[in-house]
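Accompanying notes for the structure given below.
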Amino acid sequence: MSASDVRPAVPEWLRVPADPNDLAEAVWPPACARTSDGVLTVGGVSATELAERFGTPLYVLDQDAVIGQARRVRRAFAAAAERHGTTARVYYASKAFLSTEVVRWVTGEGLAVDVATGGELAVALAAGADPGLIGLHGNNKSRLELARAVELGVGSVIVDSLIEIDRLAEIAAARGAVQPVLVRVNSGVHAETHDFLATAHEDQKFGFALADADEVVARIRDLPSLRFLGLHCHIGSQIFGTAGFAESASRLVEVHARLLAGGEAPVLNLGGGFGIAYTSVDDPTDIEDLADGIVDAVARECVAHGVALPTLAFEPGRAIVGRAGITLYEVGTTKSVRVSADLERLYVSVDGGMSDNARPALYGADYSARLAGRISAAPPTLARVVGRHCESGDIVVDAEYLPADTAPGDLLAVPATGAYCFSLASNYNYVPRPPVVAVSDGTARIIVRGETIDDLLARDAGIPTEGAE
Ligand SMILES: *Cc1c(COP(=O)(O)O)cnc(C)c1O
């Protein structure tokens with residue numbers, strides 16, 4: 001273990017809040033509030049009502065927040081592109097949160113949809129998404145998935161290997177179809193939050209080396225059943241600022257300009273990865289500023305290389321749904337643990353954990369939390385919100401100041417759980433996955449039902465089913 005792997009007992013960024021009941025503005029859904037008696041409301045529905053009707057843990061998604069953000073992101077990129085005389089298409093990266101309702105909300109705002117598996121494709125289709133406005137990703141799409149994409153007329157397949165290119169060409173040729181494709185490349189830029197790292201060589205599974213792009217595109221252009229649309233690059237996730245995107249765009253446009261010598265390349269897809277606030281100290285760049293900064297950078301490079309701006313494409317996931325979701329838990333037990341001579345930590349155990357939010361365990365991701373059923377006048381105390389799973393790394397919120405009287409029976413809300421929580425959920429310890437409830441205008445309804453123990457037992461082939469021999 002290196003020194004950097006050892007987390008301090010209290011993270012440097014964590015501040016003692018003046019009021020441990022406050023709702024940090026950028027972190028909670030825009031319409032979150034507290035009633036006069038202190039109960040948290042989201043979409044006009046109180047947390048206590050939600051917990052009573054649907055139980056805990058519970059994923060709550062603010063429908064208007066998702067729709068509003070989809071609109072805002074689409075408009076931001078459209079406006080930025082228009083200023084440079086081109087257009088932009090925004091694909092919702094559905095792996096962030098996927099259900100038919102959410103697909104309808106975002107496609108209703110004019111977004112296209114990215115999927116990465118046959119399962120995600122099936123949900124998008126069940127929602128009525130236009131196959132022509134679907135992008136299919138993945139480094140190991142099956143033949144069946146590729147055939148289905150061709151059969152449906154999926155708008156673009158983002159190809160990731162030479163083997164896949166030949167496979168897809170063969171499938172399309174057999175159907176007498178011409179499949180449009182983008183080529184996923186590595187720009188060598190990796191961005192994470194505030195910093196980016198640019199390398200010349202890549203050692204990861206996705207995409208082609210930028211240096212090989214000419215050869216790969218020439219191969220595609222030789223195949224009459226494929227149509228080359230352009231390059232695709234996704235530099236990372238939870239990125240703040242435009243520097244990483246600008247550096248990546250500079251490297252991509254150089255190759256894009258060169259490819260135009262051999263034929264058309266009408267599209268340039270710069271991926272997603274736009275960051276959101278998980279705690280009060282996160283300060284993500286406004287999407288309008290991001291869109292302007294990124295599109296300006298692409299435009300500058302196009303001018304430098306003497307080529308027209310292509311149609312631009314972007315693939316936000318987290319930036320569309322992340323802030324719209326909160327998770328409600330009930331506190332089951334608490335215990336005070338002496339960390340050192342002068343530090344005690346209140347461990348707050350909730351009725352969910354790494355099965356409904358894997359990100360802290362997977363990535364060391366930080367979250368925040370607040371009491372949802374009441375406010376408290378007790379002073380803030382250092383707390384760690386942990387789950388119910390058999391794993392000491394089962395942490396929901398690593399470090400947060402909660403009212404010192406936080407106790408069993410309290411409702412706890414964790415904000416910014418709209419992205420990569422439901423979609424990464426598991427049945428670890430045979431815990432059924434929670435339902436997802438959409439709230440809007442004071443009403444709540446289930447958009448994905450919760451699992452039951454019977455759902456889980458139904459998969460065990462060793463349990464005789466009723467009526468079976
Ligand atoms: C995951 C992913 C995205 C979305 O990333 P966010 O961080 O949610 O915006 C976009 N494009 C590709 C190719 C991805 O794999």
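Glycine residues also receive a Cβ, built from the backbone N, Cα and C atoms like all the rest.
Residues annotated as domain 'Orn/DAP/Arg decarboxylase 2 N-terminal' in TrEMBL: 72-321. In the predicted model, the domain 'Orn/DAP/Arg decarboxylase 2 N-terminal' (72-321) shows an average pLDDT of 96.
Look at TrEMBL and you will find K95 tagged as N6-(pyridoxal phosphate)lysine. Cβ neighbour count for K95 (N6-(pyridoxal phosphate)lysine): 19 (other Cβ atoms within 10 Å of its Cβ, all protein chains included).
Annotated pyridoxal 5'-phosphate binding site per TrEMBL: G273, E315, P316, G317, R318, Y420, in sequence order. Counting every protein chain shown, 23 other Cβ atoms lie within 10 Å of the Cβ of R318 (pyridoxal 5'-phosphate binding site). Secondary structure at R318 (pyridoxal 5'-phosphate binding site), taken from DSSP and collapsed to helix, strand or coil, is helix.
Per TrEMBL, substrate binding site is recorded for R318, R359, Y363, E391, Y420. In the three-state DSSP reading, Y420 (pyridoxal 5'-phosphate binding site) counts as coil.
Positions annotated as active site, proton donor by TrEMBL: C390. DSSP assigns C390 (active site, proton donor) to coil in the three-state reduction, placing it in neither a helix nor a strand.
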Exercise. List the recorded positions G317, R359, C390 whose Cβ sits under 6 Å from any atom of ligand 1, in sequence order.
Key: G317
Exercise. State, in Å as a whole number, the widest CA to CA span among the pyridoxal 5'-phosphate-binding residues G273, E315, P316, G317, R318, Y420 given in the record.
Key: 15
Quiz prompt | Listed recorded positions K95, R359, Y363, C390, filtered to Cα within 10 Å of G317 (pyridoxal 5'-phosphate binding site) | solution = K95
Quiz item: Among G273, P316, G317, all listed as binding-site residues, which has the most CB atoms within 10 Å of its CB?
Solution: P316
Exercise. Round to a whole number and give the Cα-to-Cα distance in Å for the pair R359 (substrate binding site) and Y420 (pyridoxal 5'-phosphate binding site).
Key: 7
